[in-house]
Structure formats: C-alpha cells, structure tokens
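Report on the following structure.
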Amino acid sequence: MNAVFVNGLVCKNPKYVKPEDFFFSGLDKAGDTSKNLGSNVTLVNVDRLAGLNTLGISLARIDFAPKNGLNPPHIHPRATEVLTVMEGTLYVGFVTSAPEFKLFSKVLNKGDVFVFPQGLIHFQFNFGAVPAVAFAGLSSQNPGLVTVANTVFGSNPPISDDVLAKAFQLDKKTVDWLQAQFSNSN
C-alpha cells in the first residue's frame, strides 16, 4: 500500500496509531525567557503531536519576562491566531495590509482574548512588572512563522544593503549594523 500524504505529511496507518500520537506533556512548564527578547514560545504543532495531522489546529504557550518581554512582530502565513492571557498584562496588536496599514491594538489582562487574522503582522509585549503567560490556538496544524526583523535583516544569503537601505530609507551603515545583529538569529 502506498503512503497517503495529507498537508505534506504521511498519514499513519490506522493499525499503528497509539494513544501517544494524541498526547503532549509540558505546557504547564514555563519557558526560558532569559534570552534578549524576553519571551519563549512552546509550539505544539503536528511535528510535536502527530494526532494533529489533518485536523487544522495547533496551539502554543507563550511566556514573557516582566518589563519588556516581547514576542516580536511576526506573521503566520497559514493560520489565524486566538490568544488568551492566563497571567499578567500584555499589549498586543496587528497591522492591516495596504493601503491602510491600520494598527489594531489592545491592552489585555488575565482572561482576555484577542484574534490575529491570518497573514497579518502582529506582536505581543509585556510592559507589566510581573511575568505574563498566554496560550494561543492556531487554525492550522502547521501555522508557519515569519519573524519580520529576522527574515529581512537575517536572511541567508543577506538581502543587498542597497535594497534594504532604499526600502527602509536608511543609510547602508545602519543596514549593515542591523544585518550584523540578526546574522546569527536563524
């Protein structure tokens, strides 16, 4: 029998499916927020939980350090995200596409929910004095992630500094400095 692929992954033969294919443990544990952005995302997608294959969902726990923990501007090209704050306070938002580029933002407290539409740049920021924790549901088993700064300034090979200087209206020295900051982020 030939393997059946759904959404790029092989469907497991039902004879070999086991309870562990539908189980993940660990979302009760805080992630390490000591890195320079002060956040940690624990993603549970089809790569970590095989039973999600074909179901069109995944989830994440996001931990934020107090005072400036940031989940930086990013995009999920294949998913809408629904975020629920479990602890702390977060400033969140997304920006619409051209021509408006309108920012929709809100300060969220424990129990609040915010939706980030698929494919739009969005962020979460903890300006509070205590750690924050949020859980996100995503409408894809494999939502994808494009972190804006890492992608633009940390590509391999690098995007020409002529292109970036013109696009961001910066001098080449500033572009070179930004590229150096993100060259090891991939």
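Each residue, glycine too, has its Cβ placed from N, Cα and C.
Summarising the annotation, TrEMBL assigns domain 'Cupin type-1' to 25-176.
Counting every protein chain shown, the number of other Cβ atoms lying within 10 Å of the Cβ of Asn71 (oxalate binding site) is 25. Feature annotation from TrEMBL assigns oxalate binding site to Asn71, His76, Glu81.
Annotated Mn(2+) binding site per TrEMBL: His74, His76, Glu81, His122, in sequence order. For His74 (Mn(2+) binding site), other Cβ atoms within 10 Å of its Cβ number 20.
The average pLDDT the prediction assigns to the domain 'Cupin type-1' (25-176) is 96. With respect to their backbone Cα atoms, His76 (oxalate binding site) and His122 (Mn(2+) binding site) stand 9 Å from each other. Cα-Cα distance from Asn71 (oxalate binding site) to His122 (Mn(2+) binding site): 9 Å (rounded to the nearest whole number).
Same-chain residues with CB within 8 A of the center of the His74, His76, Glu81, His122 CB atoms, the Mn(2+) site residues themselves not counted, are Ile75, Ala79, Phe94, Phe116, Leu120, Ile121, Pro143, Leu145. Neighbours of the oxalate site: apart from Asn71, His76, Glu81, residues of the same chain with C-beta atoms within 8 angstroms of the site's C-beta centroid are Ala60, His74, Ile75, Ala79, Leu83, Phe116, His122, Gln124, Ala136, Leu138, Pro143, Leu145. Counting only residues at least six positions away in the same chain, the Cβ atoms of Pro73, His74, Ile75, Glu81, Val92, Gly93, Phe94, Val95, Phe116 sit under 8 Å from the Cβ of His122 (Mn(2+) binding site).
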